[in-house]
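Asker: Copied straight from Swiss-Prot:
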type	residues	note
TRANSMEM	4-26	transmembrane segment
TRANSMEM	31-53	transmembrane segment
TRANSMEM	59-81	transmembrane segment
TRANSMEM	88-110	transmembrane segment
TRANSMEM	125-147	transmembrane segment
TRANSMEM	154-176	transmembrane segment
TRANSMEM	218-240	transmembrane segment
TRANSMEM	253-275	transmembrane segment
TRANSMEM	310-332	transmembrane segment
Amino acid sequence: MKLSIRPFVLGIALCTLIGIVAFGLAKIPFFLSLHLSPLILSVLVGMALAPWYKKSGQIGIIGVLWCGKRLLRLGIVLFGFQVTLQSLLGVGVEGFLIALLVVAGIFTLGSYLGVKLLGLDRETSMLIACGSAVCGAAAILALESLSKTPAHKTAIAVGVVVLFGLLSMFLYPLVYEAGFIPLSPLQEGIYTGATLHEVANVIGASANLPKEAQEAAVIVKMIRVILLVPLLLLLSFTILKHREKGSNEVAIPWFALLFLGAILLGSLFFFPSWLRSLLQSGSLFSLTLAMGALGLVSDFSKLQGVGAKALALGAILWGVLLFGGLGLVKLLA
């Protein structure tokens, strides 16, 4: 028993160290200006250390893999306490419909084009599509946990989604300020929340909008986050069909149901602000360590021939979000 505990603790300690470095980097003005969260920085630090970790014989691999799976799911569940059903009423049926169409359309289109047009493998296509459609890296991690995707594919998808999310975050304020898009402030908020990848991207891009528009942006984004639950439930049956013969077990994403349960609990019962803050910190800490673990076990030898195609898929979906999302907002909002 002692022999198994030591590598387990070493692995967790290594991921914790990566997480601490990521939190430290996130406070540096340069990274603050880019709105890069510790979650994103953690996977970058992990990927930078991946060659060394491979040469070291992957010390503490048991603990690292535990962080990449169990701690990941815990972080996703705790993330649900940041969303309340009451807040969703602020954008009405139109906001919900726009979010639903974006999630369904982008995920379906990305999964299809990645395989049929670009020749990407199915897993990478779905990860990029999910991250673009729902909530960036958090959605990719949720799908990775369900589909048991290799770490290097997850790292590729996260990198692509982060890139185009950052581009949008810097582009949108410039476009709004220049008046290139004929939208009302409220429509700008809905458009921002419906089309940007990460929650942090939405907050950054809407910072200069009126308060009402900022709230609309966050609410629409949170609707997309909630839609992750039914998406994962549907995918659990789709993924089953592509598994090897002899496996009849349905991959029910229990963590997705717990995520929904967290949303309901946070909506129906009073949570003091200190407790909500604690749960939010717990979610961020868990996901940051999980991202570090995924970066650490990334196999760069498997990245060849995939990067350009993955970027192409991300670019296509980015364009559809920009122009298709604008059309939806003009038509429905």
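Cβ coordinates are placed from backbone N, Cα and C, and glycine is handled just like the others.
Help me picture these features in the structure, burial and contacts included.
Answerer: Long-range contacts of the transmembrane segment (59-81) within the same chain, counting only residues at least 6 positions beyond its ends with a Cβ under 8 Å from a Cβ of the stretch, are 4, 7-15, 53, 138, 141-142, 144-145, 151, 225, 255-256, 258-263, 265-266, 271, 276, 279-280, 282-287, 289-290, 292-294, 296-297.
Using a Cβ-Cβ cut-off under 8 Å and counting only residues 6 or more beyond its ends in the same chain, the transmembrane segment (125-147) has close neighbours at 39-40, 43, 69, 72-73, 75-76, 79, 102-111, 113-115, 118, 153-154, 156-158, 160-162, 164-165, 197-199, 201, 221, 224-225, 227-228, 231-232, 235-236, 239, 251, 253, 255-256, 287, 290-291, 294, 310, 313-314, 317-318, 321.
Through the fold, the transmembrane segment (154-176) approaches residues 34-36, 40, 43, 47, 124, 127-128, 130-132, 136-137, 140-141, 144, 183, 188, 192, 195-198, 200-201, 204-205, 207-209, 291, 294-295, 298, 303, 306-307, 310-311, 313-315, 317-318, 321-322 of its own chain, all at least 6 residues removed from its boundaries and within a Cβ separation under 8 Å.
Remote same-chain partners of the transmembrane segment (218-240), defined as residues 6 or more beyond its termini with a Cβ less than 8 Å from a stretch Cβ, comprise 79, 82-83, 87-88, 90-91, 95-96, 98-100, 102-103, 107, 126, 130, 133-135, 138-139, 142-143, 146-147, 189-190, 192-194, 196, 199, 202-203, 206, 247, 249-253, 256-257, 259-260, 263.
Beyond the transmembrane segment (253-275), the same-chain residues lying 6 or more positions past its ends with a Cβ under 8 Å from any Cβ of the stretch are 73, 76-86, 142, 145-146, 226, 228-229, 232-233, 236.
Packing against the transmembrane segment (310-332) from elsewhere in the chain are residues 94, 97-98, 101-102, 105-106, 109-110, 113-114, 118, 120, 124-125, 128-129, 132-133, 156-157, 159-161, 163-164, 167-168, 181, 183, 187, 190-191, 194-196: each is 6 or more residues past its ends and has a CB under 8 Å from a CB in it.
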Asker: Using Cβ atoms and a strict cutoff of less than 8 Å, what residues sit near the transmembrane segment (31-53) while being 6 or more residues removed from its termini?
Answerer: 18-19, 21-23, 25, 59, 137-138, 155, 158, 162, 166, 169, 198, 200-201, 203-204, 284, 287-289, 291-300
